[in-house]
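Undergrad: Before anything else, here's the structure in question.
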């Protein structure tokens, strides 16, 4: 008689009881499904019949319950169907039910143009999510101009969110073809409003969006013209060419007969003449559609690098693409103590000094031709002043004087100085007034003064106790609020002139000592300067008032401090294959490295030229 195997822990080579061998047969599920389908083919162990459209389908109750939550709920409940041998199904045809039953037993289904609609409806009703998703994927492949409108309606009716969104993207991207085929003319008002108001509407210029909206109204003017003002308000009128705005938009009867439409025309004209402060009065109409190639960009001018060399570089950053490009360099010596402001889509650099001589010169950057030109000088040479824009005019404010520049006349005029002289003041415009913040001359106490251009009068702002600033903070206006960014702290204070109230927002990611501040796209952008460890930084971070949070937006082409920054609108098409130097670029870091290389070469060339000139 053979002895049994000794499985005690003390046996040689036998593992302890704690040891185990987990086993998993990856093909088991497939073999099980195949076996169940074979039983179906052999008509064995059926325990019920489902019927639809006069066709009967013997099946296994367990298989249906395992494949569909609909059938699981039906068979597990207390309804008659839970124990019935035969169940009649409605709202589905026999052939479509046959496809779903085949899927239960095989995991396979063939979607065709003929069955996709009823199959998706049945999959939605009987809760087969993977079949429903397969139908959505098929419909997405079939999208074209002739069927996209119906597919979006169908997708939304059956809560196919992915298909609905991809179809909407297709429609927005092919709106011109839909208009050409007169498909847009049969849209409901709700749909037309949905497309016209979307930033992603793909038009080469805003004039095309106007024409499409007009085409829709004029296809049935009797029932649609009363909807025109509501549709009209979602057009980006400020970005329609001035001539076209006058000759074709304002002259259209639908527009000039509507007081509200004429009000929007005046708003667009004010924007185009730089009398409308887009940062102070945020509005969707002031945001160009990306497809037009026009973007609001951040422009960084001058500053100093890590060697404290003064820069004459001008870089621009597109937040839509995350890309940097360099613009025409400043044609003169920037020096220190200059001020920068954006008037419309032009940039003005005023004053400064070379350490021994003050400048009264004013340089204007014309963004449409990428060129710097000198305009009429200020009435007084100055440095460490402040400049800002209000009602289409450029204001320069210093401790002892205030002057104003009219770009249409290329002239300066002297205004009343501040009520109390302030050292190194910071200014911004908010709700049709100028606000200046700084320390009283020869004192440490901070005050805020306000200038009313209608009366040409300065006045003290009785705004209560000011925050404990060590230095005059940088200021910028956004949607009726003045933001004060400290130089020696990540804290940011907010003042509401309308309510005369103070508030705080979450602190910045890091400090930006000697950094720069600008408003762009409804956000605050802070860049460069020295960080918490007093290392020169290239960080660009932004604050979103809607989420009340800061986020890292990118990095400057090189670490910089004392630079100026503003935002303007400019054609800024994204680069994909070629970098600025014509060398293939895989990422933004390569772009920045190439910019720095070109800058370094240019700097060395100028340095060698100056050394040769000195000799």
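One is the number of the first residue shown, and numbering goes on along the chain from there.
In case you wondered, yes, glycine gets a Cβ from its N, Cα and C as well.
Annotations per Swiss-Prot:
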| type | residues | note |
| --- | --- | --- |
| DOMAIN | 46-113 | domain 'BTB' |
| DOMAIN | 148-249 | domain 'BACK' |
| REPEAT | 297-345 | repeat 'Kelch 1' |
| REPEAT | 346-392 | repeat 'Kelch 2' |
| REPEAT | 394-432 | repeat 'Kelch 3' |
| REPEAT | 433-480 | repeat 'Kelch 4' |
| REPEAT | 482-522 | repeat 'Kelch 5' |
| REPEAT | 523-570 | repeat 'Kelch 6' |
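Could you place the listed features in the three-dimensional structure?
TA: Note on the domain 'BACK' (148-249): mean pLDDT across this stretch is 97.
The repeat 'Kelch 1' (297-345): residue composition by secondary structure is 0 helix, 22 strand, 27 coil, according to DSSP.
Residues 274, 277, 280, 339, 341, 343, 346, 348, 350-351, 362, 364, 375-380, 382, 384-388, 438-442, 447, 449, 451, 453, 456-460, 471-477, 480-482, 497-498 of the same chain sit 6 or more residues outside the repeat 'Kelch 3' (394-432) yet have a Cβ under 8 Å from a Cβ within it.
Long-range contacts of the repeat 'Kelch 5' (482-522) within its own chain (CB-CB distance under 8 A, at least 6 residues past either end) are made by residues 279, 282, 287, 296-298, 300, 303, 319, 428, 430-431, 433, 435, 437, 448, 461-464, 467, 469-471, 473-476, 528-532, 534, 537, 539, 541-546, 548-550, 552, 561-567.
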Undergrad: Counting by DSSP, what is the helix, strand and coil composition of the repeat 'Kelch 2' (346-392)?
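TA: The repeat 'Kelch 2' (346-392) comes out at 0 helix, 22 strand, 25 coil.
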Undergrad: Please count the residues of the repeat 'Kelch 3' (394-432) that DSSP assigns to helix (H, G, I), strand (E, B) and coil.
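TA: So the repeat 'Kelch 3' (394-432) is made up of 0 helix, 23 strand, 16 coil.
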Undergrad: Take the domain 'BTB' (46-113) and count its residues per DSSP category (helix H/G/I, strand E/B, coil), listing them in that order.
TA: 31 helix, 13 strand, 24 coil
